[in-house]
Amino acid sequence: MRGDDRGRKRENGRWATLRNRRFVIWLAGQGVSNTGSALTVALAPIIAVVVLHAPAKEVGLIVATSLGCTAVARPAAAVFAERSRNRIRALFVINIVSAIVIGLIPVFWVYGSLSLPVFWIVIAVDGLAGGVFGAYSAPMVADLVDKESLPQASGLMGSAANVAGVAGPTLGGVILAIVSAPLALVADSASFLVGALSCHLIRGTRASHSPPKRPTDSAAQVSKIPLMRAFGAPFRVSGGAALLGILLALTVVNGLALSELTVLMIRGAGVPPVVVAVIAGLGAVGGVLAGVSVEWIAPRVGSYRGALIGAALASLATMALAVVKPGGFAVIPYAAYEVIGAGGSTLLISLAFAQVIGGLAPAARARGIAVAAMLPEAGQTIGALIGGILVGVLGLARFYDMAAALGLVVAVLSVWLARRKPFECDGMANAM
């Protein structure tokens, strides 16, 4: 009977989250909204290349603008999000604003007014709105479910994000086969309206659990930790400096590769935009496969070495882009880059964060995690900015030869670090 009771308890815990109506509404709304956002991420460079005929340099800078605006807005908005008494109302407004901003692109295109500067401004504002939304939405799951259901709720949100990562570009490819790329962004604008509707419905639904308690005086002591000391905490844990350094290096290389990827595939290899959009969704497949394998890899090689193995795989994936040639076979290295690169990056991020978070003192954990989470966005932004400048100097072919060489360097460094113990790399200094 005890075994049956334990099994029944696990089953009840598994489905308890899905009986929480407010969470289910949030999950559904975010799933639709994330699908629309993934569609725009896939189609925005295609619009710049195919519709607006942007030079390769400006395509890279557009990508950097979107990433940079999100990276800047998120931490700035987090300060206000922590103090907000009504995050749902703020999220409702942000969704409406995002729907209007993205909706301007097809409107301008229909009236013949869509130019590169206008597109650039819209993408920048959308990036800012995305960063603000990310800051306000981060605590939502914890607000909607009780502590016992938090792991299941987080897992469901992660699964929904992975599905959106595949569905968005695929949907974009289907729509792109029917209408012009700017009109396809109507789908993203509509997805934000669905997100706004979910926020409205949550406000009108009674909570199924007590809201989280306000921080106690002892918890408030966290904010009194010196800023620079909290900032450096993730780098002082065992393996922290090595893992976060590799993470930053990899995301810079990845930003380089992504900045001109659409130009490479459409102009350089002659791949149809529809195919480019669909293959972009394969990265999420690699992320899902890596996410499943984390539980198998971590116990066998440890979080530290497992993360560096992921970094080596993701870095080597960049080399596939250097062999892209015009013709139908160009999709093979492109697909390999998406699947292997996303899979390796997922291993690196998930296991590196596990290593770093586990070594942080409780008082440094919140800010330390925030610092670590900013590195991928910062690295990609830096890489995209550099890519937009260098492609005009080197040309497309030599640019990707350079990116492949840098990827090889990061891969070799990752393997070298993986063969050494964490304390040999950066010491065993305490985080606090």
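A Cβ is built for glycine as well, from the same backbone N, Cα and C atoms used for every other residue.
According to TrEMBL, the protein has these features:
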type: TRANSMEM; residues: 23-53; note: transmembrane segment
type: TRANSMEM; residues: 59-80; note: transmembrane segment
type: TRANSMEM; residues: 92-112; note: transmembrane segment
type: TRANSMEM; residues: 118-138; note: transmembrane segment
type: TRANSMEM; residues: 237-258; note: transmembrane segment
type: TRANSMEM; residues: 270-294; note: transmembrane segment
type: TRANSMEM; residues: 306-324; note: transmembrane segment
type: TRANSMEM; residues: 336-357; note: transmembrane segment
type: TRANSMEM; residues: 369-393; note: transmembrane segment
type: TRANSMEM; residues: 399-418; note: transmembrane segment
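Residues of the same chain lying 6 or more positions beyond the ends of the transmembrane segment (118-138) and with a Cβ under 8 Å from any Cβ of it are 30, 37, 40, 44, 47-48, 52, 62, 65-78, 80-81, 84, 87, 90-91, 94-95, 97-98, 101-102, 104-105, 108. Counting Cβ pairs closer than 8 Å to the transmembrane segment (59-80), the top stretch among 23-53, 92-112, 270-294, 306-324, 369-393 is 369-393. Most Cβ pairs under 8 A with the transmembrane segment (336-357) among the ranges 237-258, 270-294, 369-393 are made by 270-294.
For the transmembrane segment (306-324), same-chain residues at least 6 beyond its ends with a Cβ under 8 Å from one of its own Cβ atoms are 242-243, 246-247, 250, 253-254, 257, 261, 264-265, 268-269, 290, 294, 297-298, 300, 330, 333-334, 336-337, 340-352, 355, 400-401, 403-404, 406-408, 410-411, 414-415, 417-418. Between the transmembrane segment (399-418) and the transmembrane segment (270-294) there are fewer than 3 Cβ pairs closer than 8 Å, counting only pairs 6 or more residues apart in sequence, which means the two stretches are not in contact.
Segment contact holds for the transmembrane segment (270-294) and the transmembrane segment (23-53), given three or more CB pairs below 8 angstroms at sequence separation of 6 or more. Scored by C-beta pairs under 8 angstroms, the transmembrane segment (237-258) has its highest count with 369-393, from the stretches 23-53, 92-112, 369-393. Panel annotation: around the transmembrane segment (369-393), residues 55-61, 63-64, 67-68, 70-71, 74-75, 78, 230-231, 233-234, 244, 247-260, 263, 349, 352-353, 356-357, 360, 399, 402-403 of the same chain, lying at least six beyond its termini, place a Cβ under 8 Å from a Cβ of the stretch.
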